[in-house]
Each structure stands twice: as structure tokens, then as C-alpha cells.
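Taken from Swiss-Prot, the feature compositional bias 'Polar residues' covers 197-221. Residues or ranges marked as domain 'SH3' by Swiss-Prot: 229-288. Taken from Swiss-Prot, the feature N-linked glycosylation site applies to 44. As annotated by Swiss-Prot, region 'Disordered' applies to 183-227. Among the features that Swiss-Prot reports, topological domain 'Cytoplasmic' is placed at 1-14, 66-70, 125-288. The topological domain 'Extracellular' annotation in Swiss-Prot covers 36-44, 92-103 and rests on sequence analysis. Residues or ranges marked as transmembrane segment in Swiss-Prot (evidence: sequence analysis): 15-35, 45-65, 71-91, 104-124.
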């Protein structure tokens, strides 16, 4: 589990406001319940609501502090739904009491119920939801995929390299090259830098140029050459687990820096720091 950081709460206005209001509401309900229990017959199950909501507030605070809302969102919604039932039942009993302390406890439970409804709406929504992206946009230490999922690609980096071409590399004869032969007719393909090998090794590698060209044209549509240049860098705003049935996908963790060669479409060709290459969903990444 991610480490708890107070800055995740202090830097998030939504988390700071809702957690603060929930703590205040719980204190009102708890203190008023103690006073009401001394003066009158206080319903026993309302104490369970007080204890249960204390645990829920602690749990939500930990989720906000560790920034794991996407991981534990479903569990949080389930626990909060139970808490909403308990606080509503407590309000229904206490709000009609004659004792002012019981009515104050009911007010605390009403405020707790309102915060619970807001939390359920937040954690129960997908990260791409408009309202969640808007809320997360105010956080200093959180980046929402919804804010970048549909944004236009920046043109500040110039035209993207054509690294995903399916056409086979053009082969030339020695007469056409007129002494400018290299070990590879296209930079980045096996053979190293230009001039690193002599002409004989180039002929041994490619054999008959015309035969290689025919073979390349036949197989070029089936095999996609891997790009060798990754001019862009992207930061992962969410963790992603690759589909085990798709060997082309790669997994990465949140805040990991990836090198990207192609920034068109919904899937980007990327390379990790350990050299692993594959495709990654663009709405999980943001260009640096």
C-alpha cells in the first residue's frame, strides 16, 4: 500500500474540507450522545452508529492520505453505504426527542449523512467522470486522467516521428550507393552506426539486394519494426497492469517516467527505464 502523506490531504481542498466537516460532525454527535445518555434513555444502536462512523472517517482519511481512491473506491462506497443507513436511523430516532442534547446528536448525524452522500458520489464515480476530474484538478498532489484523457496533443515538440510505418526498408545496390554503403540502409536497424562495418559484411547480412527487397515487401505487412527513437517523455498519472493476453502491452506504476516514440492515437509506443517496450494507454500518461 502507498505511504500515507499529510500533504495529499492538505493539498486537496475537497479532501481537507470533507474530512474536517466529518470530524466536526462526529464530535457533535459523540459529545451530544454522551450528554443525552446521561439525561435520558439514549438508543443503544446509535452508539454503534457513532463507533462505526469513527472507523469510516479514519478509513477515508487514510485513503485520501495515501491517494489510493482508485484502488479502494469500491470498498469505501460499500462501507459508507452501511454508515448512511446507520446515521439515518439514528436521526429518525433522535430528531423527534424533547431533550436538546438528543436533537444536537441528530444534527451531528445529519451532517455526517450529508458528507457520506458526497463521498459516495465521489468514490463511486469513474476517474473519467467530469465532476471527479474537476474536483481533482484543484489538488496539488493529484493528477486526474479525466483532465487529460480528451485533451488535444501538444504540437510544441514538432512533428512526430514516423516510427510505426509498416513498409519494408528500401534496399540499394552498391552501384546506386556509389561508395556510401553502410551496414544498414536505414538508421536504427541492426548493424550499428554508418561506417561501422565494411562492405563485405553488409553484403553478407543482406545477401542479394533484389531478393531481400522482394522478401521484405511480402513480409512487411505482417511485421512492424520496433522504433529506435523515443523523443518524448511521459509521466504515468495512474498505475496500469498490462493485459496478460496481449503481449504488446506493458505495465507501469504511478509517477513512473516512460519514453514515448509515437503520441498519436489512444495507445502510445513506450519504453520503460529497464528497456522493456510496448504500448500504453494514452489516458494514463501525460507528456512532460
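Positions of Cβ are set from backbone N, Cα and C atoms, glycine also.
A sphere of 10 angstroms centred on the C-beta of residue 44 (N-linked glycosylation site) encloses 8 other C-beta atoms. If you look at the transmembrane segment (15-35), the same-chain residues 6 or more away from its ends with a CB under 8 A from one of its CBs are 8-9, 42, 46-47, 49-50, 53-54, 57, 60-61, 64, 90, 101-102, 104-105, 107-109, 111-112, 115, 118-119, 139. DSSP assignment over the domain 'SH3' (229-288) gives 3 helix, 27 strand, 30 coil. Panel annotation: around the topological domain 'Extracellular' (92-103), residues 32-33, 35-36, 39-40, 42-43, 46, 109-110 of the same chain, lying at least six beyond its termini, place a Cβ under 8 Å from a Cβ of the stretch.
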